[in-house]
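Colleague: Just lifted these from TrEMBL, have a look:
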type	residues	note
DOMAIN	111-292	domain 'Malic enzyme N-terminal'
ACT_SITE	134	active site, proton donor
BINDING	187, 442, 486	(S)-malate binding site
ACT_SITE	205	active site, proton acceptor
BINDING	277, 278, 301	divalent metal cation binding site
DOMAIN	302-555	domain 'Malic enzyme NAD-binding'
């Protein structure tokens with residue numbers, strides 16, 4: 001085409017090249033592969049655009065009036081369905097899947113398509129869907145994230161963005177972020193280093209912040225920090241979605257994380273809650289310690305797990321007629337979860353008895369991969385294990401430690417399945433009328449023992465809870481309902497309490513307040529069924545009560561910025577909660 005042709009001739013000629021005789025105004029269809037085009041988008045959510053926006057899309061629930069007003073007529077079949085009917089249909093479809101990962105993918109697709117319907121589904125069917133959107137299914141989803149990846153659900157910040165993390169944060173469309181869940185993918189559940197594919201964890205956690213704690217979806221930001229992976233299988237996987245390099249360590253890692261933490265505070269302010277999730281031990285403790293005095297930070301693996309386990313232990317005392325200080329605790333596993341739980345138990349006993357925390361720690365023993373943690377090993381121990389090195393002869397095996405220490409409470413946080421053997425559980429039953437056995441490792445395949453094993457090997461006398469769900473167990477004519485020491489009881493309510501009070505820091509006293517609030521909601525009927533946690537069906541009410549307790553403690557400590565303090569914190573919490581019911585459009 002010669003350069004002296006006028007514009008009308010140009011458009012006319014161009015039309016012949018474009019399907020359907022439509023003018024290629026922006027030159028997108030006629031551009032060669034090496035020419036740059038501008039991705040123009042419409043700015044008004046109407047018609048097709050409205051249906052493609054998960055925040056506003058209602059599918060077949062758009063009324064005839066809304067269809068006329070928003071140019072939707074003809075774009076949808078003529079039927080108008082209520083949200084309840086839509087929910088019923090989706091649940092019917094989900095139950096047809098026999099593979100949990102298929103249910104997970106279907107739910108993620110729904111979240112990307114129709115946000116309010118997704119959350120209504122999750123809230124109304126929480127006990128059925130929690131194992132799908134979170135543990136155990138989310139573990140498999142992370143392992144296969146590269147293969148099932150469809151579209152980004154959060155923000156990926158890789159080493160390639162060093163020096164410009166603030167700019168990357170500004171690319172996220174929502175500005176009023178209140179909660180960030182961030183992982184570097186190094187220790188995903190009990191599955192190890194999954195690198196960039198760990199994104200399933202922040203996405204899952206934040207969907208629970210909304211469903212269980214009522215935090216608005218637009219205020220939640222899932223982030224994966226990609227510093228590489230040491231997982232050879234992923235490095236050699238053509239479908240892997242992350243950086244194909246070994247993990248950054250030392251100074252490089254610390255500088256990158258520091259830039260991230262500074263950028264978060266600069267972009268979202270002092271009151272944004274940053275939840276560290278599934279970092280390896282050597283980074284988890286360091287990051288929490290480094291930023292707890294300058295940022296609003298929380299590590300769910302250390303602090304959330306500790307708070308939910310302590311709540312179960314406090315509740316169990318009503319069954320046992322004892323106080324926490326009457327117990328001897330033995331842990332299998334001395335990582336983030338184990339030492340975090342141990343420290344919070346020691347703090348609670350210290351506050352109850354007035355004894356110094358150094359004394360109350362002596363009631364708590366830990367076993368790691370090398371055996372019982374004792375004084376003679378102190379020099380070779382990581383810093384977070386040293387407070388638990390007590391005077392005792394070395395003991396190599398868990399069974400030997402159980403027989404030597406004679407604990408009343410056995411807690412598993414090892415990440416290794418089948419470690420509470422028949423001999424170990426029977427030993428617990430020999431010197432305890434009602435042994436407390438908590439097999440907390442996730443996912444279900446990594447649980448230290450099953451609910452059925454715990455009840456069978458103790459002749460139905462165990463008080464049992466696990467990290468992942470187990471079905472009810474029939475034993476000797478009685479049905480036992482295993483409790484689930486799931487962090488989902490704590491972090492949504494804790495987050496809501498911190499946000500509504502305008503907290504600027506997280507303190508251990510807030511975690512104790514959350515534990516006590518959760519324990520107080522276990523009823524006599526729950527105890528009669530062997531439960532030390534309330535049913536998940538009431539989780540929003542539980543979260544509101546936890547939020548109120550955490551909020552009250554925040555105001556008491558002088559760490560709240562939303563002043564004055566509301567008179568009724570429970571009502572305040574309930575009024576803050578996001579509702580997934582459809583809105584009417586004018």
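Yeah, the Cβs are placed from backbone N, Cα and C, and that goes for glycine too.
Set these features in their place in the structure for me.
Modeller: Taking Cβ-Cβ distances under 8 Å and a sequence gap of 6 or more within the same chain, the neighbours of residue 134 (active site, proton donor) are 204, 205, 208, 488.
All protein chains considered, the CB of residue 486 ((S)-malate binding site) has 26 other CB atoms within 10 Å.
Summarising the environment of residue 205 (active site, proton acceptor), the number of other Cβ atoms within 10 Å of its Cβ, over all protein chains shown, is 27.
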Colleague: Provide, as an integer number of angstrom, the distance between the C-alpha atoms of residue 278 (divalent metal cation binding site) and residue 442 ((S)-malate binding site).
Modeller: 12
Colleague: Let me spell it out: for each of the binding-site residues (277, 278, 301), count the other Cβ atoms within 10 Å of that residue's Cβ, using every protein chain shown. Which one has the most?
Modeller: 277
Colleague: Looking at Cβ-Cβ distances, which residues of the chain lie under 8 angstroms from residue 442 ((S)-malate binding site) while being 6 or more apart from it?
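Modeller: The answer is 135, 136, 139, 189, 190, 467, 468.
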Colleague: Looking only at the domain 'Malic enzyme N-terminal' (111-292), what is the model's average confidence as pLDDT?
Modeller: 95
Colleague: Please report how many Å separate the Cα atom of residue 277 (divalent metal cation binding site) from that of residue 187 ((S)-malate binding site), as a whole number.
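Modeller: Taking the Cα atoms only, residue 277 (divalent metal cation binding site) lies 9 Å from residue 187 ((S)-malate binding site).
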Colleague: Starting from the Cβ centroid of 277, 278, 301, which together make up the recorded divalent metal cation site, report each further residue of the same chain whose Cβ lies within 8 Å of that point, ordered by sequence.
Modeller: 183, 187, 188, 201, 276, 279, 284, 299, 300, 336
